[in-house]
Amino acid sequence: MTLPQPPMSLLAELTHRCPLACPYCSNPLDLERKAAELDTAGWRRVLEQAAEMGVLQVHFSGGEPMARSDLVELVTLARKLNLYTNLITSGVLLDASKLEALDKAGLDHIQLSFQDVTTEGAERIGGLKGAQERKLKAARLIQESGIPMTLNFVVHRENVARIPQMFELARELKAGRVEIAHTQYYGWGLKNRDALLPSREQLEESTRSVEAERAKGGLAIDYVTPDYHADRPKPCMGGWGQRFVNISPSGRVLPCHAAEIIPNVTFPNVRDESLADIWNNSHLFNMFRGTEWMPEACRACDRREIDWGGCRCQALALTGDAANMDPVCSQSPFHEQIVKIADNNGVPKDTLFYRRF
Amino acid sequence: MSVTEDTVLSFARGHRLQQDRVRDLWLVQAPEKAFIIEGAAPHILGLVDGERTVGTIIEVLTEQFSAPREVISTDVLALLSDLTEKGVLRA
């Protein structure tokens, strides 16, 4: 058996702790507590093994990765190992001295999240008073430091109309890149789907706003759509176990951040085995790797190595079996179900379940 | 801006040239992506250091590869202009 290609990127979820409580958080519903987190030595070992395997970029994420007191130490080590270092942060814990330390450590890039452009909208989603002002302050500090910055906006029915203002803010703050990412419906997002899922009209309007901004030039734009309105599945994570590896705060190694919902499987942990062993040999990573596992219709499809069968976690969440076709695909026997959900959201629910331990 | 033989270029912050020993290739690391570079590009970019002029880079390569200067200079200017336009390099 030939070994799979090594992963390109590592998402290091250093902690699930976060001052914000966003109802679309991509962390699992069952959040890991501080006592369960890998210690500094554990994360150092992970970085060393990742670099040796051929990982190129490490994304320090969470929760809020700045809640970890060893972040600077880990960034320093990652840079020493020639890994490209990206910090994915809400910015609310960032101040001038912490930024200076990260800058000195060699941090390559910061992705700063905003929940909205209006204070009211942002703080309704983030659930933290004063957060917007702190984020704006953080953005200006980053701008002054010269560290390249991407602004990230997760969009949903409450803020989707303000995409043009999001671009304005990005230009004002001299961010080189903007990510407009429609909420993905897993974990907390799935729990809040009825309140967050945009209508088809809202989605079309948001796509037009993005295209108009792209035409102006001068700003790199990443645009992620919600696939409930689509009829072709997304190439989730670039294929299961092909490009990305995700490590949870307690050291569980996952093909994506939602994979912990997969039933009847052991989640391998960096405390027990090496990252390379897990990537190459674990049952979890080989379950849906490549095309062998696919239902017959997928194996016969000429898009099988384009979308890799879509998303396993979505198949599980909406059809009850992770090995089923992604219901986004119009050929899935469950496709009608997702169309119904997407079309029946004319009556929004405005009750939000906030992310809580 | 247009890149000429007098231009001095360096990598823009957040971008760097890197050898990938595991996959046996060269790449440019950039914000949230990495792209593979091939052929003469790694040699050319390896000489971009914020000190050499583009003209000096062309001369070094002309000597290294014993090829006509016009051929080298066309390739070098094309690559460096493209990457400057993309924000990977800056004057």
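Every residue number used here counts from 1 along the chain in the order it is shown.
Even glycines carry a Cβ here, placed using N, Cα and C.
Regional average pLDDT for the domain 'Radical SAM core' (A:4-219) in the model is 97. What TrEMBL records for A:4-219 is domain 'Radical SAM core'.
Spatially close to A:C22 ([4Fe-4S] cluster binding site) yet at least six residues away along the chain are A:Q115, A:I125, A:G126, A:G127, A:V154, A:W188, A:Y354, A:R355, judged by Cβ distances under 8 angstroms. What TrEMBL lists as [4Fe-4S] cluster binding site is A:C18, A:C22, A:C25.
Long-range neighbours of A:C25 ([4Fe-4S] cluster binding site) (same chain, six or more residues apart, CB within less than 8 Å of its CB): A:C18, A:G187, A:W188, A:G189, A:R355.
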